[in-house]
Every structure is written in C-alpha cells, then in structure tokens.
C-alpha cells in the first residue's frame, strides 16, 4: 500500500508539469515590467506567510495528540481558534480598512509567531491562548493581504484583468508549491531528523519573521475608507448594508462560508478518516500530496479564468467537491473496515485518499476564482470588513461541528459537508444569473446614454 503514496504523488506531479509547460498564448496575459516586479514582490511575501501557515498544518492535530489530549479536547482547541477568528479576528481584520492594510499584515506575523511559541507548552491553557492568537492571525491572512493587493494594484493603475494573474500565481506557488515543500520539510524535521512535532512550528516562526521584514521594508500603506469620522461600528454598518442591499455580495458570502466551512471541517477530519484504526500513515507526505493536488487545481484555474466566466465553471467545481466528500459515507457501506489496530492504510483509505486529492484540486480552483469574484463585487471602502463578515457564519459552522465531534459519527459530518457544497453549487448558479442580469441592465443603460448623447445636438 505504501507504493500508492508515491504513485499518486508522481502522477499528480506529471500532470501539473504538463499543464504548466503546455500553456499557449491564450492562457498567457501580456503585462508590464512594473507589474511583474509588483506581482513578484507580493508572491514572495504571500509565499512566506503561507509557509508559516502550512508548516503547522500536518502536525497540529498530531502535536495535541502527543501531549495526551483526546479528540474532544483537541476539538475544543480547534473551536477556540475558529471562535477567536469569529470574534476578535472580525474586529481586528475590520480595523485594516481604517488603520491600514500593511499594519494589519504585520499584526498577522506577530500574532502567528506568538502562537507558534505557545506550542512548546503541553499546558491546555497555554495551547488555548495559542489557538486564540492563531484565530486572529487566520482572519488577517485571508483578508488583509488580499485587500492590500487589490487596493495597491488599482492605485498603481494596472489593468484590472491582471489581478487574476496574481491571484492564480500566488495560489499556485503559495498554496501549492510552498505547501508541498513545507509538508515534506515538516516531515523531515519531525520524523527523519527526530526534532519532534513542535519543530515545524519553530520553522514557521522563522519564515513569518522574514516575511514581516520584507513587508516593513518594501510595502506602502493603503486604506479602505480613510475618513476619520467613521468608527468601527460605522464600518460594520456600511458592510452590513452592502451585503443586505446587493444580492451578489450576499450570495458570494454564503458560497464562501459553505465551501470554507466544509474545507476546514475536512482539515480536522482527514487524519482520522484515513487512519480510523490508528493505521501508520505518513502525515507530512500525504499533506504534501494534498497540496500538489491544490497546485493542480490552481493551474487549471489560470486556464479557466483566461477562457471562461468564473460564475459558470465554479458550479461544476462545487458539485464535484460535494461528491468527493460524500465518499466516506459511500465507502462505509461498500467497504468492510478492519478491526485490527495499526498496520498500513486500508483499501477504503486508498479510495478516500484519491477522493480527498480530488477535493484538494477543487480547493486549488476555488481560491483564485473566489478572489477574482471578490475583487469584482466587493466595494473597496469596506473590503476587509466585508471579507471578515463572510467568515462569521463559516466560523460558527465549524465551531458547531467541532463541538459535537464526539456526538456524531464521522460519516455524518462528511455527509453534512457534502450537502453544504451541493447548496454552494446551487447558489453559484443563482449568482451567475444575477450577475448576468446586472451586466445586461448596465449595458442597456450605457447604450441608452450613448443614444441620448448622440441625439442631444439634434434637439438644439
């Protein structure tokens, strides 16, 4: 069974390489030297930030387990992280629009470094503090950096369509290549070199410190609404009104919450799903394989965004992801599970591994695609605030799931995630219809205005 890991990893590597080297002129966008310099700087910083996050991914659950905590206690630690992201993270992330996006990015680095330091303690309270800091950092990671990028891109006068190039490349490298290297590096530090499961967190802190130094020395500051008259509650009100008055923004927020809620639940469940009887599985290598799958997805996304409308193809992506997370339910009925503890991965585990890789490919398509839709639909003056509002229902959902992790079988939780992803596909269809209707009305209004302007001299 061990050969399966190398077969899947090798197969995915070949497919990704073929996709990247076979790009045609239709898949490439002509840009300027100034934009390429700007894009590369952002990708370097984003990759370092993601390295700080990805290095921790494979061993968070495992580290808590080695400290002697059970699934219920680990679930509560995860709940603390998501709850912190919902409460404190929403406030801190929203302040980015008022106090500056660069400052928020530096705050992310400091918060996550402190979170990594807490991993050296086996005390539950200290680990809980680390999860709270990590929750704040997560909110900033998925709002402040993107908000800074969009604002700076527009401020420098670059073409709007070039944003999709930065998004896809950042996900390909930061969420793909860097994640793979981090997964293997974490495996090297923990297992091969024997430094223990806390070593990846120390390495993460180092990468975050390097990224923070680059931000401080090369990035300029930008804001959402710079008016001094608006306090935090006013910003919340502006964001809430924007979501309530624009169906496109509301649909986008619901889609994001449904998909990311399922994704974060998957992050918690994939380890026990692949090793229900404590099978010996290479966590770091499997994590790297998942990230290679995500890399494949982002490569596919760059082609799709150059040739098709995001609102259209994402319906299919959500439907496929729904099927992949339904596999644990299907295999529980069709594949007989072993009662023997330990050993190598089971037949059912092999099927799930392939399915989970497919889901990660959908994740790779999702990230640059949702970023492009957010850049189109979310108003600049409250971008960070609205993006953090989107994370509130996401965090509530994940907290509820994790709080009841011992009450429901794993198949029930995967089944719920599958249903939510199917609903996301339906909402994506609705978003496409609403967006097309809005574009049609805008085009009609523009054409009418042009006709009025042409007819005006004749009336004089």
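Each Cβ is built from the backbone N, Cα and C atoms, and glycine gets one as well.
Record features, source TrEMBL:
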type	residues	note
TRANSMEM	6-22	transmembrane segment
TRANSMEM	43-62	transmembrane segment
TRANSMEM	74-96	transmembrane segment
TRANSMEM	129-150	transmembrane segment
TRANSMEM	170-189	transmembrane segment
TRANSMEM	201-220	transmembrane segment
TRANSMEM	281-301	transmembrane segment
TRANSMEM	313-333	transmembrane segment
TRANSMEM	345-367	transmembrane segment
TRANSMEM	388-405	transmembrane segment
TRANSMEM	411-431	transmembrane segment
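Under the criterion of 3 or more C-beta pairs below 8 Å, with sequence separation of 6 or more, the transmembrane segment (170-189) and the transmembrane segment (43-62) qualify as touching. Beyond its flanks by at least six residues, the transmembrane segment (313-333) meets 255, 259, 262, 266, 273, 304, 348, 351-352, 355-356, 358-359, 362-363, 365-366, 369, 410-411, 414-415, 417-419, 421-422, 424-425, 428-429, 432 of its own chain at Cβ-Cβ distances under 8 Å. The stretch in 129-150, 201-220, 345-367, 388-405, 411-431 that contributes the largest number of Cβ pairs under 8 Å to the transmembrane segment (43-62) is 201-220. Each of 201-220, 388-405, 411-431 was scored by its Cβ pairs under 8 Å to the transmembrane segment (129-150), and the highest score goes to 388-405.
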